[in-house]
Structure formats: C-alpha cells, structure tokens
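Database features, via Swiss-Prot:
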SIGNAL    1-22  signal peptide
BINDING   His59, His158, His222, Asp295  Zn(2+) binding site
COMPBIAS  117-155  compositional bias 'Basic and acidic residues'
REGION    117-161  region 'Disordered'
DISULFID  Cys267-Cys322  disulfide bond
Amino acid sequence: MIRPSSLVLAAALGTAALPARAEVPRVVTDIPVVGAMVQQVMGDLGQPEILLQAGGDPHSYQLRPSQARSLQDADLLIWVGPELTPWLERAATSLSAQSEMLALLDLPATHRRDYAGGEHEHEHEHEHEHEHEHEHDGHGHAEEQAHHDHDHSGTDPHAWLDPANGQAWLAGIAETLSRHDPDNAGVYAANAAKAADEIAALDEELKSALTPTQGKRFVVFHDAYGYFTEHYGLEPAIAVSLGDASTPSAARLRAIRDEIAEEGAVCAFPEANHDPKLIAAVIEGSEIRQGAALDPEGTGATPGAGLYAELLRGMGQALADCLGAD
C-alpha cells in the first residue's frame with residue numbers, strides 16, 4: 001500500500017498554505033513527467049521549464065541554444081538522473097555555482113531496480129555503474145547480439161512508473177523547493193500532499209483494473225515498464241528494443257519472435273514517438289492483438305500538472321483493455 005501524504009515532511013506542513021511574498025526559484029526539468037510533478041508542487045507560484053519537447057527521445061536529445069541558456073539561468077535542475085538523460089549531465093556543467101541539481105533517482109526513498117531484474121536499496125552515493133549483464137533472448141543469439149545491441153545493464157531509470165516512487169518524488173521536490181524558498185514551504189508541502197493523495201487513489205483504481213490481467217504476457221517497444229509491471233504484479237513485458245530504445249538487431253528480432261511464440265504473448269503495444277511498424281512486423285502472422293500506444297515518458301500527453309496521472313491512467317487502461325479482451 002502506498003503511503004500518501006505522510007511522505008511529505010510534517011515540519012513543512014506547519015506553515016500556511018497561502019502564497020507568501022518570496023523569490024520563487026527558477027526550475028528546469030528534464031522530461032514532461034518530472035515537469036508535471038514539479039508543477040503540481042509549485043502550483044500557482046511558478047512554472048518549470050521542460051527541456052524535452054513533444055516527440056523528443058529522452059535517451060538522445062540535443063539541447064537548443066535557448067534551452068542551454070535556461071540551464072545557465074536556473075536556480076534548480078530537477079531531473080531523473082544521468083541514467084535516463086546522459087546528455088543532460090554534460091549540459092548541466094553550465095549551471096552556475098549557486099544552482100542545485102536534484103536527481104530524483106538518488107532520493108533515499110526511491111525504489112530502484114536493475115535491468116537484470118534485481119532490486120537494490122539506494123544509498124546516498126551515486127551508483128551509476130553495475131556489473132549485471134542481461135540477456136533477453138536465451139535462444140542462442142546472445143553472442144551475435146552482443147556485436148549489435150547496446151549494453152543493457154545497471155539501473156532502470158523509468159522509476160516514475162511505480163506510483164510509490166511518484167509520491168516519494170513529490171515529497172523530495174517539495175523539500176528541495178522549500179530550501180530555496182522557505183517562505184512558501186507550506187504551499188509546496190500542501191500541494192505535494194494533495195498530489196500524493198490523488199496518486200494513492202489512482203493507484204487503487206489501477207490495481208482493480210489490472211488484477212484480471214495478471215499472468216498474461218505482452219510485448220512492448222522498449223524495456224521501460226519494469227517498475228509498472230512489478231508494482232501491479234503483472235508478467236514482465238517482452239521488449240523488442242532495450243532500455244535506451246536503441247534499434248534492435250536482426251538477431252534480436254528473431255529471438256523476440258521465438259520468445260513471443262514460446263511465452264504465448266497475447267498483446268503487443270507500440271510506443272509514442274516510435275515507429276509502430278516495428279511492433280507490427282514482430283507480430284506479423286501471429287494472433288497477437290495490437291493495443292493502444294504507450295507513452296512512458298509522457299511526451300505525447302497533455303502538458304500540465306495532470307500529465308503524470310494521465311500517463312499512469314492511460315497506461316493502465318491500455319493494458320487492461322487489450323489483455324482483458326479474452
């Protein structure tokens with residue numbers, strides 16, 4: 001069970017929830033989902049700038065000059081971490097000495113999982129490199145794939161797809177904003193608590209909708225859904241591409257087709273901002289149903305404070321509709 005508003009520091013709740021006259025920090029975020037969380041916490045006090053634009057790929061993105069200038073002027077960069085956006089780690093060196101970076105994956109309350117399927121407790125130091133190698137196919141193609149597919153090990157950065165992490169991140173965002181703007185600490189805390197309660201209610205809805213789909217295998221474009229499937233007790237998704245959404249080799253595609261046949265997958269889901277023809281080609285000739293496109297980073301969702309809930313609800317509904325059609 002997710003703990004709702006208790007995640008928000010009680011000390012911060014002691015101040016009034018009305019805006020005070022204060023210098024609200026200039027915040028830059030990496031992806032729309034993080035921007036939505038920050039917007040929920042800031043409320044009417046301010047609006048974060050989101051670097052990754054609609055249709056952008058978080059794993060490989062080129063900043064525009066205007067965005068680089070925004071980074072230079074930012075008081076606070078709130079991002080998932082270099083595991084998701086290594087290009088931003090390099091760009092963040094332009095931040096001023098007075099600026100702060102909050103990597104949400106590094107919050108102590110974040111539940112982190114490895115691509116290899118294991119999980120580990122997050123300590124206070126960075127743990128950006130792991131020695132777990134992960135082979136997806138197990139059908140004799142691993143050696144050939146090693147020459148073509150990217151390395152697939154270390155921390156899975158898509159942690160916001162676990163709603164419990166979303167709640168923890170809201171609390172961490174509120175705490176960080178409050179350090180920069182103590183006069184409005186009560187506003188940030190109250191907004192974070194309200195958003196956390198809303199996520200808790202949505203989580204219960206999704207549990208009810210997804211319970212009938214447990215035990216059914218499905219195919220996705222890239223390996224981004226482990227937190228979601230783990231949280232809701234679903235079977236691990238069969239990923240056509242790896243966690244960085246790199247183009248799969250011919251050997252990997254053959255292995256995926258073998259795995260789909262052996263595992264009895266019933267649905268396949270394309271992904272927003274990626275060519276659906278790849279998914280269609282993988283399931284061609286099979287009886288697998290094609291579901292609605294999933295959008296794990298929220299780059300195709302409606303911008304604003306409601307984007308995170310929209311993303312989770314849309315993902316849960318798409319899975320429930322297709323997997324529950326039997």
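Glycine too: its Cβ is placed from the backbone N, Cα and C atoms.
Mapped onto this structure are the features recorded in Swiss-Prot.
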residue	record	DSSP (3 states)
His158	Zn(2+) binding site	coil
His222	Zn(2+) binding site	strand
Cys267	disulfide bond	strand
Asp295	Zn(2+) binding site	coil
Cys322	disulfide bond	helix
- Do you know offhand how many angstrom separate Cys267 (disulfide bond) and Asp295 (Zn(2+) binding site) by C-alpha? 16
- Other CB atoms, at most 10 A from the CB of His222 (Zn(2+) binding site): 22
- CB neighbours within 10 A of Asp295 (Zn(2+) binding site), counting all protein chains shown, number 20
- Message: If you count other C-beta atoms within 10 angstroms, which of the disulfide-bonded residues Cys267, Cys322 is the most crowded?
- Response: Cys267
- Between Cys322 (disulfide bond) and Asp295 (Zn(2+) binding site), what is the CA-CA distance rounded to a whole number of Å? 16
